[in-house]
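Encoded as structure tokens, here's the structure I'll be asking about.
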């Protein structure tokens, strides 16, 4: 009688809200069918006392959790940790987050990749410094410096003039707003899987309105802002007609980001400059995003979990073979 393959145990350490959105019955059922058990990690108990796990995936940010992960990893070196806390930390700061884009070496000559101009406002006194806004054109988007997935980190504003900055409390990042046809490209990465989808974004601001004295406008999330004067059907048409970026370009950017960031679960938001159809700008990068919004996300994540565990097993076996031959 053939012995069945051992089941793969994936421990997940997530806040209740993330558990609700990510651990869908459809994902649990498909994982179960393919020999994968999704096991909740009790965040009220020491991680070292739990397991065994073939892989631990998480989205917790406390220092205590980071220390527990380090302790667990040392005691269980064959367990894959997705992803390393030190790599995730880079995405929690909206300045360092986008600096990585400038480190990428994109070989395609037909597309240009960059980021919008931005600056950091540390305190109220900084706003009186004329040089700090030099080279930054209004309107701008004001974002909290910290990007940790909390409600506060999503509290953003579009600011139309310098006067509008008076209504904001530093610290925050100012990112130049670039007209992009009201469409944002969200690129999801899960290991080797890359998928780009189109979503509704901020409407373009007519040139006649740029630099106006209109103050600021509040919104909860840039990609989900509902234009008060907008028509849902017209926005649907805009999104449907928007041309997707070349797949080879998206894949190259995603793979390059994965190498530089050292992360396997993330997505990035990219826009196409309305003034230059070959110019793309990365405006945000998020760790462990809402994969459940993707079509067939269950297949994507199930394949991903199996791939990372199998890859680790192959590396361990190769290392053991090399050791035995020396």
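From the backbone N, Cα and C atoms, a Cβ is placed for every residue, glycine too.
Automated prediction, rather than curation, is the source of TrEMBL annotations.
What TrEMBL records for this protein is below:
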- 18, 59, 154, 186, 286, 290: 1D-myo-inositol 1,3,4-trisphosphate binding site (BINDING)
- 94, 143, 175-186, 201: ATP binding site (BINDING)
- 269, 284: Mg(2+) 1 binding site (BINDING)
- 284, 286: Mg(2+) 2 binding site (BINDING)
- 105-313: domain 'ATP-grasp' (DOMAIN)
Far apart in sequence but close in space: which same-chain residues, 6 or more away, have a Cβ under 8 Å from residue 185 (ATP binding site)?
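Correct list: 196, 197, 198, 199, 244, 245, 250, 269, 270, 271, 272, 280.
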For the binding-site residues listed here (18, 186), tell me which residue's CB has the most neighbouring CB atoms inside 10 Å.
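Ranked by Cβ atoms within 10 Å, first place goes to 186.
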Between residue 290 (1D-myo-inositol 1,3,4-trisphosphate binding site) and residue 284 (Mg(2+) 1 binding site), find the distance joining the two CA atoms and give it rounded to the nearest Å.
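With the alpha carbons as reference points, the distance is 14 Å.
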Name the one residue among 154, 186, 284, 286 whose Cα is closest in three-dimensional space to that of residue 201 (ATP binding site); these are the binding-site residues.
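So, of the listed binding-site residues, the one sitting closest to residue 201 (ATP binding site) is 186.
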For each of 181, 290, count the other CB atoms within 10 A of its CB; which of these binding-site residues has the top count?
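Per the Cβ count, the most surrounded site is 181.
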Give me the non-local Cβ neighbours of residue 286 (1D-myo-inositol 1,3,4-trisphosphate binding site): same chain, 6+ apart in sequence, Cβ-Cβ under 8 Å, ordered along the sequence.
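Non-local contacts for residue 286 (1D-myo-inositol 1,3,4-trisphosphate binding site): 91, 147, 149, 266, 267, 268, 269.
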Mean pLDDT across the domain 'ATP-grasp' (105-313), rounded to an integer, is what?
87
Which one is it: of the binding-site residues 175, 179, 201, which Cβ has the fewest other Cβ atoms within 10 Å in this structure?
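Among the binding-site residues 175, 179, 201, the lowest count of other Cβ atoms within 10 Å belongs to 179.
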Starting from the Cα of residue 284 (Mg(2+) 1 binding site), work out which of the binding-site residues (18, 59, 177, 183) are within 10 Å.
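Those close enough: none at all.
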Over all pairs in 18, 59, 154, 186, 286, 290, the listed 1D-myo-inositol 1,3,4-trisphosphate binding residues, work out the largest Cα-Cα distance in Å.
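Largest Cα to Cα distance for the 1D-myo-inositol 1,3,4-trisphosphate-binding set is 20 Å.
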